[in-house]
Amino acid sequence: MVAKGDVFGPNQPLVLHLLDIPPMMGVLEGVVMELADCALPLLVSVVPTADPAVAFKDVDAAFLVGAMPRKQGMERKDLLSANVKIFKVQGEALDKYAKKDVKVLVVGNPANTNALVCSHYAPSIPKENFTAMTRLDQNRAQAQIAARLGVGITKVKNVIIWGNHSATQVPDARNASVEMSSAMSAAKAASDHMRDWFAGTREGEYVSMGVISDGSYGAPKDIVFSFPVQIQNRQWKIVQGLSVDEFTRSKLDVTAKELLEEKEEAMAVCAAD
């Protein structure tokens, strides 16, 4: 999707950097061959590497999708401990090698807290340039609403996902309007997220992004919290003035509490590493 021009537009040439761990380099070379077979006109070159210094050198946008999956018998704390170490290293690499206006999308879970950790270890890059993906949750909610109402998914707009990308997230359709082909996959959601970040949102429409909290809607500051945002000139802005009823308020408090707990655990892991 990125190499085809679905994210950055049909006239933007691309150099694609692919980062993986050393044991996966053979697989990565296979991906490079498949991309070459596609003969994509916008794809200038592909750089497969296991070196973060090479992967993040002067990048304009970064999709951080690599994270350890949750295995049977693994508790949330174990998963958090393993993954925050990954995003600490990637944050340090971004800080050292990437452009200072790089736009970073964290997909690997726990996405909100991973984005917070990544930002923490990249102090020279604005915190606003780190986001977590809750677009998959938004796309799923829109698809369910569209199916229930018997309309195309493109007719459903302004569904909100509040809070954490977890079981405590708060889907909110109270401000939605019914007037997107099914977009259920994480790859499509990541493309949607980054496309809107670069191209902007339409007048009167907003999308959900996990962004650094400024305290809007009573969310704690300095956590990565999913809000409805509008985007212009590659800058997101939290939509203000939306009504939040008592039920939604109680759910927002639950997801905020979880994010604060994750933040405390993550920073303890990083400090001990």
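Note that Cβ sites are derived from N, Cα and C of the backbone, with glycine treated the same way.
All TrEMBL annotations are machine predictions without curation.
If you look up TrEMBL, you'll see HIS165 marked as active site, proton acceptor. A simple way to gauge crowding: the CB of HIS165 (active site, proton acceptor) has 28 other CB atoms within 10 angstroms, across all the protein chains here.
Among the features that TrEMBL reports, NAD(+) binding site is placed at ASP20, ASN83, VAL107, GLY108, ASN109. For ASP20 (NAD(+) binding site), the same-chain residues 6+ apart in sequence whose C-beta sits under 8 angstroms from its C-beta are VAL27, LEU28, PRO48, ALA50, GLY66.
Residues or ranges marked as substrate binding site by TrEMBL: ARG70, ARG76, ASN109, ARG140. The Cβ of ASN109 (NAD(+) binding site) lies under 8 Å from the Cβ of ALA67, ARG70, LEU79, ASN83, HIS165, each on the same chain and at least six residues away in sequence.
Per-residue pLDDT, averaged over the domain 'Lactate/malate dehydrogenase N-terminal' (16-130), rounds to 94. Per TrEMBL, domain 'Lactate/malate dehydrogenase N-terminal' is recorded for 16-130.
The annotation domain 'Lactate/malate dehydrogenase C-terminal' is assigned in TrEMBL to 134-179 (among others).
Residues or ranges marked as domain 'Lactate/malate dehydrogenase C-terminal' in TrEMBL: 181-268 (among others).
According to its DSSP assignment, ARG140 (substrate binding site) is helical. In the three-state DSSP reading, GLY108 (NAD(+) binding site) counts as coil. Residues ASP20, ASN83, VAL107, GLY108, ASN109 are the ones the record ties to NAD(+), and the longest Cα gap between any two of them is 17 Å. Note: the domain 'Lactate/malate dehydrogenase C-terminal' (134-179) comprises 18 helix, 11 strand, 17 coil (DSSP; helix = H, G, I, strand = E, B). Around VAL107 (NAD(+) binding site), the C-beta neighbours below 8 angstroms that are at least 6 residues distant in the chain are PHE63, LEU64, VAL65, ALA67, MET133, ALA186, ALA190.
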